[in-house]
Ligand SMILES: Nc1nc2c(ncn2[C@@H]2O[C@H](COP(=O)(O)OP(=O)(O)OP(=O)(O)O)[C@@H](O)[C@H]2O)c(=O)[nH]1
Ligand SMILES: [Mg+2]
């Protein structure tokens with residue numbers, strides 16, 4: 001009996017689109033990272049770094065990881081654009097917060113932007129992946145050092161992880177995507193969003 005329900009749940013979950021919001025201050029490497037994900041997980045090559053411009057609107061990336069459909073929403077991180085972020089919170093299953101680990105002078109800006117994200121009611125219970133990006137640069141700090149710099153309070157009840165990545169050479173990309181799928185699968189928030197979508201009519205998940 002259990003395996004029947006489990007099989008059904010697995011089937012429903014594989015149909016569900018999981019929305020992952022990519023946030024972080026400008027120049028952290030969000031778009032470059034998304035394009036790298038596309039190269040790793042699809043047969044279409046993502047844009048090379050020299051063709052990526054600062055984001056003003058929204059970039060969408062669809063990839064499949066472990067039979068799950070992930071939809072990434074990449075937003076602009078410039079100060080004047082950060083007020084748009086919250087429009088996407090309600091529908092997000094998880095958040096990826098990207099930090100340029102090679103630029104300590106901007107850690108404070110990242111910290112306060114992330115603290116504001118975490119305080120928002122609409123993101124309650126959303127798993128959080130914090131990426132220490134640009135590990136290909138010798139001056140980049142490790143994920144543990146970044147965690148110390150950011151010194152985030154009130155993370156205890158949230159499912160979170162720090163990961164060292166490079167959007168240039170792909171370090172940590174697969175580990176990050178696989179972790180996201182695993183935690184979203186188990187998250188109460190995913191269940192809440194699925195029920196809410198179901199309540200809005202068939203085919204709405
Ligand atoms: N060395 C190195 N440079 C990177 C990496 N990821 C991004 N960059 C560079 O960092 C700069 C900013 O990258 P973007 O991807 O545009 O950053 P963003 O976070 O999307 O910026 P906004 O759209 O303005 O919010 C570009 O010059 C990228 O080539 C990385 O992993 N390593
Ligand atoms: Mg961008």
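Keep in mind that glycine also has a Cβ here, set from the backbone N, Cα and C atoms.
Annotation note: residue 136 (GTP binding site) sits in a coil segment as assigned by DSSP. As annotated by TrEMBL, GTP binding site applies to 24, 25, 26, 27, 28, 29, 30, 31, 77, 133, 134, 135, 136.
Summarising the annotation, TrEMBL assigns Mg(2+) binding site to 31, 55. Cβ contacts within 10 Å of residue 31 (Mg(2+) binding site), excluding its own Cβ and spanning all protein chains shown: 24.
The binding-site residues listed here (26, 28, 77, 134) include 26, 77 as those with a Cα within 10 A of the Cα of residue 55 (Mg(2+) binding site). Cβ neighbour count for residue 28 (GTP binding site) (all protein chains, 10 Å cutoff from its Cβ): 26.
With respect to ligand 2, the binding-site residues 24, 26, 28, 77, 134 contribute no residue with a C-beta closer than 6 angstroms to one of its atoms. Reduced to three states, the DSSP call for residue 24 (GTP binding site) is coil.
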